[in-house]
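A.B. asks: Sharing a structure, written as structure tokens. Questions coming.
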């Protein structure tokens, strides 16, 4: 027969005062280098163009206005020969048109893939000085979409530019939908 011994534990009466913090230990060994990651550079797209002095506006309905003086077009998304912006980066863009109107009324449309998304009109009332007509729109674009300014009525072709006043077309990416990269997913 086995004898079982019973051990009795007595509770501690009170916890003592906490001791001082010890000195910091030596640093550990350097770990292995991790795998290279993707660079989180946001996609870009922006342009700003204007009519050069003496540029004649298109006179026919449906003609794209060719803003021929490039202020900025680093990604090359605007084509000054066709007057069209072509999307490379999917996302939401803002486009603005600022027109100086002089000696004629002006009506133009902001176009996306052959459809007017906004229309603008300024009546010429025999004013001795130029007037302004401006507008803008946010548009969702996918690669290959095109945006341009188009004449709406041939008799309302009063786009104007001089040394003191300009007519311009600007567009830029507000935010991207790019899903080709884990960085932008």
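Glycine residues also receive a Cβ, built from the backbone N, Cα and C atoms like all the rest.
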A.B. asks: From the ranges 18-37, 38-57, pick the one that TrEMBL records as region 'Disordered'.
C.D. replies: 18-37
A.B. asks: Please work out the mean pLDDT for the residues of the domain 'C1q' (40-180).
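C.D. replies: 88, rounded to a whole number.
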